[in-house]
Amino acid sequence: MTTHHEPLADTAVLPRDAAPRTPDAPPPGGPNPPTALPPAPSPRGPGARALTWAGGLVGGGLLVLAAFQAADQVGQSTATEQREFAPAGVVELVADGPVEVTVGTGEVEVVARSRSGFADPVLDGRLQGDRLVVQHLCTRTWFGSCTAGLDVRVPEATQVVVRSSSGSIVASGIAGDVDLSSGDGSVSVDGIDGTVLAVSGSGGVEVHDATGAVEARSSDGYVRVVDAGGDVRASSGSGAVEVAGVQGTVDARTSDGSVDVRETDGEVVARSGSGRVAVADAGGRVEAQSSDGSVEVLGADGDALAVSGSGHVTVSGAKGRVEARSSDGQVDVSDVTGDATAVSGSGSVTVDAVKGNVEASSSDGPVTVHGTGTPVRLEISTADGRQVVEAATDPSASRSVSIRSGSGTVSYLGPR
């Protein structure tokens with residue numbers, strides 16, 4: 001009888017002492033390296049959810065604001081309103097736009113002009129003692145644009161005060177003091193029989209034909225004062241300053257820009273932090289200084305001080321003592337009735353037609369002095385250069401001339 005056997009499945013043969021493998025046992029030769037799993041997402045805490053919510057709120061708010069602003073621009077309209085008020089000794093005008101004040105007769109005539117969207121302007125006028133206060137202001141919304149200006153006619157003999165947050169100011173023909181200030185706009189004054197205070201936060205300031213003292217200021221803009229019957233103070237934080245035709249003293253200054261002063265009856269102080277300074281035909285003592293720019297004084301009925309940190313210094317026609325200095329620039333002095341001191345740190349020095357004593361020196365440059373034709377007591381020296389003497393000298397002369405250079409030719413010559 002023949003017996004049939006089924007074939008057996010493949011079975012690994014283990015050594016006698018080997019333990020059978022279990023399903024979880026590592027393969028021979030060591031375990032396989034573990035497979036890296038992606039990190040589990042961190043749960044969103046309340047802080048993260050709050051930031052997301054806040055960001056969405058801000059973004060939505062900006063969209064809403066942009067929509068309101070667009071609607072405000074589309075829906076803008078202009079309006080005009082007229083009122084009359086009884087005359088007052090002082091008229092004060094407060095506006096959120098341009099203001100113009102001229103002379104009328106009788107009542108105080110007010111024309112309020114506005115342009116706005118959602119921010120409706122409000123016109124109000126009230127008498128406070130001897131002061132009439134007229135306000136044309138935009139409602140204080142946090143979006144939208146609005147301009148609320150005033151055109152006003154006042155009796156000639158009226159004191160005027162104007163305050164504009166943003167807009168130009170014009171005042172003319174008033175026989176009274178004016179006090180004008182714009183936060184962002186130009187200020188123009190003409191034909192004022194009184195004192196003037198004109199101020200702009202950002203804009204040019206011009207004053208023409210004022211009989212009294214003038215103070216004109218701009219934080220960022222030019223300042224010009226022409227024809228004033230009193231003392232003048234003109235200043236700019238950043239802009240040119242020009243003053244002319246003043247029957248009093250002048251103080252003109254700018255931090256960054258040129259200063260030009262001419263035809264004044266009194267003393268002059270002119271200073272620039274960075275820019276040219278020029279003074280001409282001053283009726284008194286002159287002090288002109290620039291930290292970084294040329295300085296020029298042409299005509300002064302008194303002493304003259306001209307100083308530059310870095311620039312050419314010129315003084316001519318002073319009827320007093322002159323001191324001219326430049327740290328790094330040329331110095332020229334001529335036609336002086338008093339004593340003269342001319343000094344340069346690094347540049348040439350030239351002195352001509354000085355009737356008093358002379359001190360001229362340069363640390364690094366030539367020095368030349370032209371005499372007047374009369375002998376002088378001369379002191380002349382140079383550390384590195386030539387000495388040239390071609391004019392008359394006398395050790396016992398009453399006038400003295402001192403010429404020195406650290407490095408350069410020194411010369412005493414005859415009249416030009």
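Cβ from N, Cα, C; glycine included.
TrEMBL annotations:
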{"type": "REGION", "residues": "1-48", "note": "region 'Disordered'"}
{"type": "COMPBIAS", "residues": "23-44", "note": "compositional bias 'Pro residues'"}
{"type": "DOMAIN", "residues": "156-296", "note": "domain 'DUF4097'"}
{"type": "REGION", "residues": "393-416", "note": "region 'Disordered'"}
{"type": "COMPBIAS", "residues": "396-416", "note": "compositional bias 'Low complexity'"}
Looking only at the domain 'DUF4097' (156-296), report the model's average pLDDT.
99
Going by DSSP assignments with H, G and I as helix and E and B as strand, what are the residue counts for the domain 'DUF4097' (156-296)?
0 helix, 83 strand, 58 coil
Within the region 'Disordered' (393-416), how many residues are helix, strand or coil going by DSSP?
0 helix, 11 strand, 13 coil
